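Please read the structure below before turning to the comments.
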Amino acid sequence: MVRKLFPLALGLLVFFISFQWLNEEPVEDPRVLSTSETTRTQGVEVKKESIVTDQLEKAPVKQNYKPAVHASSEQYGITPDRIEIPTIDVDASIQALGYTPDGGMAVPKSLTDVGWFEPGTMPGNQGNSVIAGHVDGNSGPAVFYDLKDLSPGDEIHVYDENTKLTFEVSRIESYPYKNAPIREIFGPTNTRNLNLITCTGPYDDEASTYSERLAVFTVLTDRQEL
Amino acid sequence: MKKLFSSLAVVVLILGIFAPSVLADSHDQNAMLRVLHASPDAPAVDVYLNDEAVVEGAEFKAATDYMEVPAGEHTVEIYAAGTKGEQDPVISTTVNVEAGMAYTAAAIDNLENIQLKAIQDSMEATEGMAKVRVGHFIPGAPAVDVGPIGGDDLFSGAEFPMVTDYMEIDPGSYDLEVRTTDGTQLIDLSGTNLEAGKVYSAFAVGTADNPEVLLLQDSAAMPTMMPATGLGGTADSSSNAWMYAALLGVLAMGAGFMLTRKRSEA
């Protein structure tokens, strides 16, 4: 009896362990809020010698110096209709979309189009404009499948009928779905940014969505009349 | 039979180890803070928050984007750039911030009287409206009004170093001006474009002879959630995990049978 049960139990045990291991959740660190990275790039020596309490010492403080923008500075935002990312062979139509019934960001039903968050900033204007696209459909890759392969310095072009705007990738981050810094991606800023979003990380069957979101941050570098 | 139970006990134990841990959402505990250099004759500065450099070499008219800081009291020290450790700070003060709120800390007035003015910023506009306020940070300049050129005042009688309340207006392009209360134009703001869902602070800075306006964004229309941008067709989804785990389990079971059989033959 035992001889037959032992291998059964062993099999069960291996199954459970390997299932847990294979299905492991991503670590939910708030990866955005570190001082160290930006501090290093600007060569700042951070001195911690005085009466800083523990709570404050561990506190996330992001160094974030940017020049302010003048009121009279030209606003040249466009209603974008096409996006082109040469590095990853993306050339897609843009739909202007708003909110989901829950107040989230809507995305196109189409797997080949991308969606611009229309209530937010127009690409080219001061602020964070946002474009999202699918990483995949039910059976295969979609428009932003290769977004993860972008690297800082890569160019993104956004068009309307008369204008071509060029943005340059500054950084790429991924965040847990439920704990992404919405305000950093969509909120106010002094610069003219375009941020691209798609899904990444392991698929979460229970929530019927990917467990992470990839955000590609880009900054306006050029504007051409066509 | 005992062996089975002990094996099951091990399984339960191991499942316990892998149980997902619940992590607190750290964003809720934080406030947003940005720093503005609005002192026209002050040098470039370094800003230290709780003894940590957050801004380096910021010149007059520079503003940071919002930084996430923990709620509570913070020491803010502003030094002429590169002089920390050698000279006293030009400003040393504390700022108290509440969780979930946004603030602007502006270094204002001439260097001789430099001070830090902390104000709370709005984080929301009514849908479809733009929201704006005006700050008068020009030392020595008279009280001002702000309004469309040739039109009625939107803001009246703002004096240094006052910041007005917010006002909601229709989004669009405005030919605004900052004028003295007797109607003389100080700053031409033709073509100021105010977008729906955005909150702005227009801070008048500089000197009475050379005034200008910085238009900062305090907020923008934001969704409550990230978009759902994938259906899982290319994912290593958990169904695959089930498959691989089952495969490994069956293999282990087979190995177990072989082992026990060999033993019984021996």
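Any Cβ shown, glycine's included, is placed from N, Cα and C.
With a cut-off of 8 Å between CB atoms and residues at least 6 apart in sequence, the same chain places A:Val107, A:Pro108, A:Leu111, A:Ala142, A:Val143, A:Phe144, A:Thr198, A:Cys199 near A:His134 (active site, proton donor/acceptor), listed in sequence order. Taken from TrEMBL, the feature active site, proton donor/acceptor applies to A:His134.
Among the features that TrEMBL reports, active site, acyl-thioester intermediate is placed at A:Cys199. Secondary structure at A:Cys199 (active site, acyl-thioester intermediate), taken from DSSP and collapsed to helix, strand or coil, is strand. Using a 10 Å Cβ-Cβ cutoff, A:Cys199 (active site, acyl-thioester intermediate) registers 32 neighbours.
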